[in-house]
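Feature annotations, reproduced from TrEMBL:
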{"type": "ACT_SITE", "residues": "H551", "note": "active site, proton donor"}
{"type": "ACT_SITE", "residues": "H595", "note": "active site, proton acceptor"}
{"type": "BINDING", "residues": "V135, V283", "note": "FAD binding site"}
{"type": "DOMAIN", "residues": "56-366", "note": "domain 'Glucose-methanol-choline oxidoreductase N-terminal'"}
{"type": "DOMAIN", "residues": "469-604", "note": "domain 'Glucose-methanol-choline oxidoreductase C-terminal'"}
Amino acid sequence: MNCINTWKDAGRKSILIFPQFSELSKMKLLPFFAALLPLVSAKLYTSYTDIPRSEYDFVIVGGGTAGSILANRLTEDGRNRVLVVEAGLDNAGIQDIIVPYLAPNALRSEVDWNFTSTPQVGCLNQTIPLSRGFVLGGSSSINFITWHRGSNDVWDTFARLSGDDGWGWPEMKKYNDRAGKLYPPIDGHDGTGQALPSAYGRNGQAQVRLPSYLGQLESIVESTARALGGRWHYNEDFNSGDTTGTGYFLSSIRDGARDSAATAYLVPVLDRPNLDVVVHTRVTRLHTNGSDRGTPVFNKVEVTHDANSPRRNITATKEIILAAGVYGTPQILMLSGIGPQAELQRLGIPVKINSPDVGQHLVDHPLLSSSYLVNGTTNDLITRDQQFAADLLEQWETNRTGLLVVPPGGNTAAFLKNPAGFAGGLDPSAGPLSANTEIIFRSGYQGFGGPPLPPTGNFISIIMALVSPTSRGSVTLQSTSPFDVPVIDLGMFTTDYDIQSMVQVMKDAEDFISQPQWSGYMIGPFGDRANLTTDEDYATYARKFSWTVNHGMGTARMGAGGVENGVVGADLLVKGAKGLRIIDASVFPHIPENHIMANVFLLAERGADLVKNSNRH
């Protein structure tokens, strides 16, 4: 039985989803999940009309990855009164969020903002679906929960571009230690040689684990890497400071369930008397209360439920902290009169701060998946066999073990430098410890943009990504309505380097799976991938089928100097304003060559310290 569904929207089909789990036990799971939740006082409100105060010390706009962490850290001081405003849903009791393997079901669902790009010239004028978490925990609640803090070079590059050594790795290590703690794999296997305990803190909030139930694919990938060496060298831990080479992904999993920023940071402190959280509430714009010697002072957050509901203002006596994400943060800034002057004037928005970088420099990791037939059982069995899926779900409910504790993105990966001399020696990565491309090896068919899973055959997916892209895009306003989605132009594959790098990584993947270790296991490519011969064929295939990894960033980037170079300074305060700070991935001044969730955890940890240090009682 083929249990795969796809949605079709904006010219692309989705990744695979698993509706059989929802149909089998949706009603049964909710009480089970509810029993697992910590007891909290009634501090989570479902309507903006129920917010008990009109004035707080700090108002955090967005209860996502960064917002959840900030809420925890800022309320450690009982004198700080904090409100978190989340547009989306409460994260509690949602099956597709909680069970790691079911993460694809959360994409393009009610817990996803469901953005779509403009037609991409570099992708044959196709649009690309873009997912961001519309739920407490944000994208850490709907992503594939890879824990990957980036190379030391990434953080040192942040320091160089911001002019603040505090963003460099020597100083950021303490925030890494606060963020994640290494725990044993769920299946109890000996992870020696697969992770380095020294790369993690002793008191980290999130539970970080190696993948469980490793199989033939993982064994082949590791043995191939050890045999090849060089660019493919075996890396014992991608979180050791060097992200290059081949190794195992770690994930944030708490006792067999997703450990998002919400579950690791926010839910445990909901009973603090100085914290209020409201969901289903949109921030429409920010208001000033005059100026301080010509500098506008932002201290009011305008909120509502929908376009037809009354508006309400909440005052922040110390700071408004924008944590609305790569698309939401620039939209709110521009609606509030902070942005490129011409863009604001085009829509008749009074210019409060001419900040030319707002919404600019958007960058994401392009992603391309190809499927291969293999000799061996793969995770396609979960998708095809409803009884097997039901048994796995029952096992997970009983003791939180089994294949459903494995994140769906793949257990092993390779992060590669392009070959010597590639593109005339151009290397836009952060340094020698950072890669240019990525290859993920996944058990089972992953049909990004392609046809659905065939009824027969065993598949693996080889998912390639460009992690040091040079193309840049933008986020602009569609209108003055906060309920009209922003215009998102990824600018994907608009440089020769990017498309050439994607062609290179496709060839690298083919070379890797042609090694002797794959003999008897690998049958061959499936679908259009089998017909590629020339570089032009490869490039066309990439343009036709590429998506993004949903790692968007840079639209309110950090920079040294004045407003002409970055939206925020190294202190994350908005340049040209008072009382307004941004703490989310939009401030990243350089794209990390890795999966970015852990980067945001570290950003928010340091951001919280910056806020505290600026507002001591």
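Placed from the backbone N, Cα and C atoms, the Cβ positions cover glycine too.
Worth saying up front: this structure is predicted, and the values here are computed from it rather than measured.
Feature map: annotations from TrEMBL on the structure.
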residue	record	DSSP class
V135	FAD binding site	strand
V283	FAD binding site	strand
H551	active site, proton donor	coil
H595	active site, proton acceptor	coil
Could you list the residues of the same chain, at least six apart in sequence, whose Cβ is under 8 A from the Cβ of V135 (FAD binding site)?
E86, G88, L89, D90, N91, I94, I97, V111, S141, I142, A262
State the count of C-beta atoms found within 10 angstroms of the C-beta of H595 (active site, proton acceptor), not counting that atom itself.
29
Grab the pLDDT values for the domain 'Glucose-methanol-choline oxidoreductase C-terminal' (469-604) and give me their mean, rounded.
98
Tell me the Cβ contacts of H551 (active site, proton donor) under 8 Å, same chain only and six or more apart in sequence, or just say none.
D364, H365, A585, I591, H595, I596
Report the same-chain neighbours of V283 (FAD binding site): residues 6+ apart in sequence with Cβ closer than 8 Å to its Cβ, ordered by sequence.
V61, V85, A87, V301, E302, V303, A324, I332, P482
Work out, from DSSP, the number of helix, strand and coil residues along the domain 'Glucose-methanol-choline oxidoreductase C-terminal' (469-604).
48 helix, 22 strand, 66 coil
